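Structure, as structure tokens:
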């Protein structure tokens, strides 16, 4: 620093000598002011940059001019770097504080969102549970209503069928009463069935509501000037089955005296009137494929493997009397079993007396 200052003094002296040589006084106001300004500027610059020296440069004076300094070292002294570091540190501290404050705010907002979502989830689950409970109750109620509706429809169908049956019976009874009245008046020329008998294709039928063994049922029909029903066609089979319903019903077929025979003398081997007619009626009643291909069985409508004259029933003897089963097909059974029965008589025979109550 001292050497540089001496160099400046030397430069100042040289400048004064130069001015003297040119004929100007060193004490000239304009020259003196210019020189002082330059010297002051150089001094300030040296005092600013002299405090920082490049690494590896010796502080001891040496011959020749000093080496040039880097721009960064010339512009930034030690105090300025310290102030800059303090400023950056303060700025970083402010940034950290701001970020921390925002982080706390974000955490609070996130916690609030979590609580809101948790409450929403709980509410949604409760609503879904309620919907499931109500939905299950509605489903059960619908099933119950469907069951009730189906039952009511079945009841209505049964009532409708029963009503039709009673209407037909009522019409038949009125016709029979009219016929009987005409006969009693002595001017009746038409044939009619007795009271409580039903006409069908030239025959009259009476349907029991009680049960008797086969011999007693046959005797009852004989007292009414008739016999147990002789099934001679599929139409007659369907007619009897319709009026009796799905119950076991005695008919006039037996083998007590040997081979199977009808009580009115109809040829048992002849079967029904027509094979084609019988096949068509059978398909209408039970559908194809339910009976075997045996033509004899087809015409007589026995159950499979019947008649078998089974003796293992424990009632003694075999099975010698035939009856209609609940599905309309035939079966042989012990004649002593009590079943309901159907009486048949020809239309136009003398009117029998009404059966006793």
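Indices start at 1 and increase along the chain as displayed.
Just so it is clear, glycine is given a Cβ too, placed from its N, Cα and C backbone atoms.
Just so you know, TrEMBL annotations never went through curation; they're auto-generated.
Features as listed in TrEMBL:
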COMPBIAS  1-20  compositional bias 'Basic and acidic residues'
DOMAIN    200-344  domain 'C-type lectin'
REGION    1-30  region 'Disordered'
TRANSMEM  81-101  transmembrane segment
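Counted with DSSP, the domain 'C-type lectin' (200-344) comes out as 39 helix, 32 strand, 74 coil. Along the domain 'C-type lectin' (200-344), the predicted structure has mean pLDDT 79.
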